[in-house]
Amino acid sequence: MFIIIHCIDTSVSLTALGFQNTTMHFVTEFVLLGFPGQREMQTFFFFLILVVYLLTLLGNGAIVCAVKWDRQLHTPMYIFLGNFAFLEIWYISSTVPNMLVNILSDTKTIAFTGCFLQFYFFFSLGTTECFFLSVMAYDRYLAICHPLHYPSIMTGKFCVILICVCWVSGFLCYPVPVVLISQLPFCGPNIIDHFVCDPGPLFALACIPAPSTELICYTFNSMIIFGPFLSILGSYTLVLRAVVRFPSRAGRTKAFSTCGSHLMVVFLFYGTLMVMYVSPTSGNPAGMQKIITLIYSAVTPLLNPFIYSLRNKDMKDALKKVLRLRINQN
């Protein structure tokens, strides 16, 4: 397969960069290689990812509908879960539809602007997810460690404020890294050995080294990852310490099961993020980067409905009620 690089011929003075009389050819689009291989293998990947995507939409969409239509779930914990499920729908939709189109495409191109828009929304939604996981852990800490004060602290107004802070903060964090990386000169080649526009491959394609920009992004990613992660660990440490003191063995078993499931998702999500983005020069091979990215961008949104919500008796009862209501209306 021959890949054509679309460029704009532009004479640029690079004296400040140490180059003399150099003509730069700035790319206007990138090529996302995705999952290269035989057509049969690409077809397999297409249907596998499509099934994961549809199941994720179905599971998270069911949770959103249940929280919206069942008044018994209009409590802070379930409102957080409903917003988290809504977030997961958009998070997986920021990459997977383009990934599916890319698998079937012969050119596998994405416009320069489209690449950085995907970069912005993918990482903004991922940052919002980090904040939501932290807020949900804090909610469980209040409910278990301070049950008497929980209703007066986690009021409806405070719940709405936390939700708005998560959404707004998530989308305000990433314009700076996106702008910094997009201002780097990309003069070819334009081939990204990935299925998403990711900072690592983009830095590798820049015509000049950008250690200061890499350091800023590294510091920025570390703060976004470790800040919420440490707050989650702190909340669940206090929760588990309180659970150990429960007089009922059945209560302890249920709480440990719930916290263990939640922590499994947290470690799966944050573990893959740390491998990918905490070190600016991690040196992971392209194949490993794709697998890791696929885990936190597609697998965790698929698992979250089952671990956070669908194993919950109240949620399952609400889903059955909503399903019966829809059937009766039809």
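Each Cβ is built from the backbone N, Cα and C atoms, and glycine gets one as well.
Automatic prediction, not curation, is the source of TrEMBL annotations.
Listed features, source TrEMBL:
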TRANSMEM  44-66  transmembrane segment
DOMAIN    59-308  domain 'G-protein coupled receptors family 1 profile'
TRANSMEM  78-96  transmembrane segment
TRANSMEM  116-138  transmembrane segment
TRANSMEM  158-180  transmembrane segment
TRANSMEM  223-244  transmembrane segment
TRANSMEM  256-279  transmembrane segment
TRANSMEM  291-310  transmembrane segment
Problem set entry | Selected stretch (most C-beta pairs under 8 A with the transmembrane segment (223-244)) from 78-96, 116-138, 256-279, 291-310 | 116-138
Exercise. Does the transmembrane segment (78-96) reach the transmembrane segment (291-310), going by 3 or more CB pairs under 8 Å (6 or more apart in sequence)?
Worked result: yes
Problem set entry | Chain residues outside the transmembrane segment (256-279) and at least six past its termini with a C-beta under 8 angstroms from it | 126, 129-130, 133, 136-137, 140, 198-200, 218, 221-222, 225-226, 229, 232, 236, 239-240, 243, 289, 292-293, 295-296, 299-300, 303-304, 307-308, 311
For this session: Take every residue in the domain 'G-protein coupled receptors family 1 profile' (59-308), average their pLDDT values, and give the whole-number result.
Result: 87
